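Q: Attaching a single structure in C-alpha cells format; questions to follow.
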Amino acid sequence: MKLRTRKASQQSSPIQTQRTARAKRKYSEVDDSLPSGGEKPSKNETGLLSSIKKFIKGSTPKEERENPSKRSRIERDIDNNLITSTPRTGEKPDKQLSRVRRKSPVNGEAGSYEMTNQHIKQNGKLEDNPCSGSPPRTTLLGTIFSPVFNFFSPANKNGTSGSDSPGQAVEAEEIVKQLDMEQVDEITTSTTSANGAAYSNQAVQVRPSLNNGLEEAEETVTRDIPPLTAPVTPESGYSSAHAEATYEEDWEVFDPYYFIKHVPPLTEEQLNRKPALPLKTRSTPEFSLVLDLDETLVHCSLNELEDAALTFPVLFQDVIYQVYVRLRPFFREFLERMSQMYEIILFTASKKVYADKLLNILDPKKQLVRHRLFREHCVCVQGNYIKDLNILGRDLSKTIIIDNSPQAFAYQLSNGIPIESWFMDKNDNELLKLIPFLEKLVELNEDVRPHIRDRFRLHDLLPPD
C-alpha cells in the first residue's frame, strides 16, 4: 500500500510542477490588473467595458492628489496667508516682520500693526505706505509740556475743585495747534474756554504791560479771539466796533486774577494729602524755593529750534518725540547761587516723562535741584493744574514759589513771585533781578509772605467782590 502511494507521488510530481507554474503565471496577470482603489480583481477585458474601467481607474487617484486630506507641516508653513493679520501686496519680505502692540485710538483694544507698513517721520508723524493694507496709525501729542490754563467764566466759576471741564477734552488738540502755529517770536499759546472757543493765554497775561496803545491790543484781539456775537463777513472781517465795546468785558472775564478770585476751595481730601517730599535733614537749607520749569527756566518745543541749547528724545504714548530746549539767560548762575541758601524744588505741571529727563540732563547729580514734583502732584480744578504748596510738607512761612503763571499758585498767592514768561529773548535778565530780593528774605529770617505781598501786591490785582 505504501509502495503504491510512493509511486503515485513520484509520477504526479511533474504534473504538479506544471500546475504550480501555471498558477503563478495566472496570479501574476491578475495582480497586474488589480485597481489601486481596492476593487475586486477581474480578468483581462477588451473593448468598450475595458476602456471605461481604465478611464475610471486613471481619474480617481488624480482627484485624490488634487485634494489631499492632509498636508505636511512644511507645506503649511509655505503659505503665509494663513498667519498674516492683514492682506499684503507686492513681494513678500525675506525676513520676519517685526510687530508692536498698542492701544487702538477708538476703543482702547490692543491691536497689532506692522511697522514695515509705515514710514516714521520726525516727532512721531507717520506716513502711510501706499502698498500696505494695514490701517493707518494715528498719534496724539497729548500734553507733555505744561498745559495752558482754562479761565473761569460766570457760567462755570462755581465749579468744584478737582472736576474736569469740557475744555480739557480738547486740551491736546489745542497744544498741537500751538506747536503747528508757532511763530518766530514764539509767544502765542492758545487756551480753550468752557464752550470750546480758543483764546490767547499769552496775550491776556502780557496785555497789562503793553504800552503800544489800544490799537495794538485790538489787533491782538481780532487776530486771536473769534467774535462771540458779531457776524463775520469775508469783506469786513471782525467788527472793530465790537472789539472796542467788548474789550474791557473780555479782559475782566479772562483775567488770570479773575480765575484766582473765583477758584473753589480745596476739598477735605486734597487738604489731607500726604506730603510728597521727604523730611528735611540737617544739611537742608531752612528756606524752600519752588521753581516752575516751562517759560520760567526754559522754553521747549517740538519744532526744530536753530538756537536750541540741547535736544533729546522723549517716548510718549508709544511715539518718540524730539524736544528742543532753550535755556533762559542766567539760568545756571541763578540756580547755583540760590541752591546755596535755599532748598530748590522744581514743581512743574508737565509730564514726568519729559521734565524728569530734562532735569537729568541739566542737573544729573542733583546738586542744584533737590526735589522734583510733576503734574500728578498738582490739583486739577476744572481742567487747570494748580500747585498747592501744602503737598510739600514744608513751613509755608519759609516757602517761596516763582512761576510765570500766577494761576499756578492760586491757593497761596502770598507765597508767589510772578515772573515774565520767557521764550527766546537773549537779553532777558529777570532771573538776575530776583536774586537780591531772595537773598534779603533769607537774611531777614522772617515770614516771607508779608514781604512778598508788599513787594508784588498781587492781591491788589484781584477783581472786587
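The count begins at 1 with the first shown residue.
Cβ coordinates come from backbone N, Cα and C, glycine included.
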Q: According to Swiss-Prot, which residue out of S104, S153 bears the annotation phosphoserine?
A: S104
Q: Tell me which of 174-195, 218-239 corresponds to the region 'Disordered' entry in Swiss-Prot.
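A: It is 218-239 that Swiss-Prot annotates as region 'Disordered'.
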Q: Can you check what DSSP calls S51 (phosphoserine), collapsed to helix, strand or coil?
A: helix
Q: Enumerate same-chain residues with a sequence separation of six or more from S51 (phosphoserine) and a Cβ-Cβ distance below 8 A; give 'none' if the list is empty.
A: none
Q: Can you tell me the mean pLDDT for the domain 'FCP1 homology' (282-441)?
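A: Summarising the domain 'FCP1 homology' (282-441) by its mean pLDDT gives 96.
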